[in-house]
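Taking it in order: structure first as structure tokens, then the write-up.
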């Protein structure tokens, strides 16, 4: 009798674990890592200008990211999502370290490895977050879609502040006009390495998710098994009409991010606000991205709410693209206000896309999380690489028209998905 009485509270305690702790840790770890990487990425075209080293290294990075996404799901499945997260952070650490001695022989290899690390990290993140949300919903008898939405909102809200914190650090540690100063950049990237180290240590405190304790995942690698795994994780998901209809929206989410990094700061912020104003504009972008991510996550509960939020964000970004097609550089106060306003609205659009895409994929594709999030990063990184490689060869007007066409196509296919698959989606949740 005593044994039964003692065991019952233990069972209740296990069932009532608050898995939100792991989301807090995951979110803050990513903030510490990406406040360094995000700011370093924004600076590449400014501090590593010899032979366009900075821009080319980013193109190499996202090409490697795209290729690595083909097999990232197999690696995550083999290692488990927590171990994949820890492995992925090593690529970011090495890339920041390479910026302390920027040269072709340091940045190019670091970019190639970071592409691999980034693919592993982001597939691991999507898998880990979704698994944690499901555990929270099951243990506490909560609506799964609502928990997934809230956890994605918290993660992307905290993550988005990396643009604010990282760019404020850059503004503080690099005085205007000292972007090329050896002492200034050395101090900045040393601080970034410290931040990344803290983020990696924090990530080590994550709990392993269900099924990751035994380490018996895909114990027979072999070439044949590798081919089978690649087919199942990369090709098979694309046979699902639902994923095919989401791919244009995924690709647009990458295009709109790369547009901010490669085009917006160069053609709209720098001419009006100067080099030092780029950090301020990106900080505004980050603040509104974070606020929108948190808000969108709170309102996400199912396909209907995702549809309304995505549609609203798409119309906002469409309006901005049409404005930019007819944009003329303003003078006076408006020369300061307009770039910051555009940055704010673009941040809202990014917050919408990041939270809703991750929530949508988590709700629709429960049984192949690693493969699904690999598809997410595959198409995002490919579209980002396209922007970096196309940017020097096409005009700004052509880029804007490409963005607008991609937005229209992605919204149309998404709405078609909603109309045709809503019944299947509802039955999947039940």
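Just so you know, glycine gets a Cβ as well, placed from its N, Cα and C.
The transmembrane segment feature in TrEMBL is assigned to 23-41 (among others).
If you look up TrEMBL, you'll see 53-72 (among others) marked as transmembrane segment.
Per TrEMBL, transmembrane segment is recorded for 84-105 (among others).
According to TrEMBL, the feature transmembrane segment maps to 111-130 (among others).
TrEMBL lists 151-174 (among others) with the feature transmembrane segment.
Residues or ranges marked as transmembrane segment by TrEMBL: 186-206 (among others).
Annotation source TrEMBL lists transmembrane segment at 243-262 (among others). Long-range contacts of the transmembrane segment (243-262) within the same chain: residues 41-42, 55, 237, 282, 285, 310, 317, 343, 346, 349-350, 353-354, 357, 360-361, 364-365, 372, 375-376, 379-384, 386-388, 391, 399, 402-403, 406-407, 409-411, 413-414, 416-417, 421, each at least 6 residues beyond the stretch ends and with a Cβ under 8 Å from a Cβ of the stretch.
If you look up TrEMBL, you'll see 306-325 (among others) marked as transmembrane segment.
Nonlocal intrachain contacts for the transmembrane segment (337-364), taken as residues 6+ away from its ends with a CB within less than 8 angstroms of a stretch CB, comprise 126, 129-130, 133, 144-145, 148-149, 152-153, 156-157, 160, 163, 242-243, 246, 249-250, 252-253, 256-257, 260, 264, 268-269, 272-273, 277, 280-282, 284-293, 295-297, 300, 302-303, 306, 309-310, 312-314, 316-317, 319-320, 323-324, 330, 372-373, 376, 425, 428-429. Residues or ranges marked as transmembrane segment by TrEMBL: 337-364 (among others).
The feature transmembrane segment is assigned by TrEMBL to 400-419 (among others).
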Give the one range among 84-105, 111-130, 151-174, 306-325, 400-419 whose Cβ atoms make the most pairs under 8 Å with those of the transmembrane segment (186-206).
84-105
For the transmembrane segment (400-419), what are the same-chain contacts with Cβ under 8 Å, counting residues 6+ beyond its ends?
242, 245-249, 251-252, 255-256, 259, 303, 307, 310-311, 314, 317-318, 321-322, 324-325, 394
